[in-house]
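**Student:** This structure is in structure tokens; I'll ask about it shortly.
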Amino acid sequence: MRASWQPIFVWAALLLLPQITQSLPGNPESLPIVQFSPEDVKQPPPQSNDVPSNSPESSFSYEVEYSGNAEAQSSSKIAEIVWRGETFRTPKEVKEAGGIYARGIERLLKGEKLEVWEIEKGSGLYTHTNGKARQFTRYISTSSNPAVGMNFAIDMSDFGKSGYLYMIRADAKMIDVEASLGQHFSFGGQAEQAAVALIPLDQIEGWYDMKRFGSVNQALAKEVLDKLEKGEKIEGLFEPNPAFDPQKYESARSSGAQPQLAGFDPESAAWKEPTWKRFKRTKVADNLERFIAKKQITGAASEGAGAWEWARTPELGPAIQTPKDKILGQLNKVREASDEARKMVKQAKVLKKARVAEAEAAELEAKVALKDLVRVGKEMVEALKADESLNSADVEFEPTMESIAVARKVVAEAHMIVAAKKAEDMTKEVDKTREAKGEPELQSSIATAVEEVDKLNALVQEAKTLTEAKFADQNKVDDVVKQNVADADQSMQELLARLEVLRLGAPRESGVDALKRELKAINGEAEAYKAGVKDLETQSRQAGKTLLQAKKKMEKLAWERERQKEKTRLKEEQAKALEEKKKRKKAKEAKTREMEEVRTRAVSNAERASQQSGMPGWLKTTLLGAGATPLARPGAAPPAQAR
């Protein structure tokens, strides 16, 4: 543990951190993880007549210096001095490089070709600040607030590792990010000034070694910051840059707000707002080129016009002359790329809790870092081939190869993590079948689950194919190494070419030696793929079981539905039979009542007739029917019984 980190940490915690509520996006570990792809830069068709088209007549009706939105302009900060804190590059390394370069420009200067979408993304302030263009940005983050710069000169994640605070004279390359992005800037209050392309060495007035601030008394800390904010130098702590050109930047100022360089995502609501609406159909890379061109045409010495020659994409300055100088100039990049690889390892572990979009963004970031490492490795090989006096150890060739191997494994891990995150989302869709209530909802959920399981199985198969191919390479390389195949052998040459193996060549390194190193890298990738496939297969089996349970549940619901249907039918039949019985009973009762009424009327009629005609009682009884009881006539014999 460093002896000097504790006082710096305390000093920063007491004074700096309360002033800084968010992390400036220049800190890689504070960057949000986001998804992006080449499709992000496709221009959607115009949606209304009031949006300017991309035609020559209507593309740019504005001056490069934005003069539109009054509110944005009034809040725009015109800086004279900006600050940049770093824990990685030392002043010596900055001197050797000739200044501080944006990553995208640095890659172009090394002869690397950027994709069209990388140039487009790298030209936007929004993508620069939120980390989407981290590996190919055309900007360098600085701040007009020295406290923010000091915060980034102390790496709290590395036990308070201290770096340097660079004091830089502002010029037209500096753009007020917050004023350019308005409320869509997620890191407000940090007074970020994005410098286009590079900050040349002669623009850096000097620097402070943050280790020396550890001895500053807390009572003097506020006074120190006040002086820094006024542009005053702290005597005894400030280290002047001998290469600084005060006359060149004496009257230079920053450019303020430049909303045409916002570069929001295509779906952003910001494009509907007046400040940015007219720039929606323009390409931010074209806007930046025009901004640079305007500064070149009108730029005086006070604007540092000469530096703009480095900012243009087509003409990117001279190449390093000698192989030795070239490779030595790459050592800083090697260390930086190696550091990136180590960070990716940590990031890959964290990604297991991330969303798919975050994992995909991290995978792409890992691929870009690997691409950087491979490029550096190729440059090393070319330099070592061109200059036999160079020793591979002097240029850290082996550590670079090891870093490439680590990065390749991390990329493989990141790829499988992305697959695992996709599988998790698919499994979650399948798990919804457990929560489905009712047959219709379950049926719909099962249909979705079937699709997700099919996609999951395809994902597993794709991963298996990739893994099998990697193990096939492993076996092939292992066989060639064991057989000690000669360099001149065609199989050796074909294998080296197919795998794009970096090798120094004879007599420094044989093909077998290069393949031994390659085998280690392949082993790491193969193991990462194998572990990923195992995880995917586990999720696939679980999803299959869940789907099977859902189908069984569906079958049970269908059986219960049919059973209930049969019960309902039987109840309906029973109810119908009971109703019929009731109807018959009512009909019988009605018939009985009708017959009783007829008999009653007959008796009544007979009695009336008897009274009127003097009919004998026995006859009356006979007329009433056999069921009546006859009345006996006094002195008369009873009627004879029928025989």
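Cβ from N, Cα, C; glycine included.
What TrEMBL records for this protein is below:
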COILED    334-367  coiled coil
COMPBIAS  48-61  compositional bias 'Polar residues'
COMPBIAS  561-581  compositional bias 'Basic and acidic residues'
COMPBIAS  589-600  compositional bias 'Basic and acidic residues'
COMPBIAS  621-643  compositional bias 'Low complexity'
REGION    31-61  region 'Disordered'
REGION    561-643  region 'Disordered'
SIGNAL    1-23  signal peptide
**Student:** Could you tell me the mean pLDDT the prediction assigns to the coiled coil (334-367)?
**Tutor:** 63
**Student:** Across the compositional bias 'Basic and acidic residues' (589-600), what are the DSSP residue counts per state (helix, strand, coil)?
**Tutor:** 12 helix, 0 strand, 0 coil
**Student:** Per DSSP, how many helix, strand and coil residues does the compositional bias 'Basic and acidic residues' (561-581) have?
**Tutor:** 21 helix, 0 strand, 0 coil
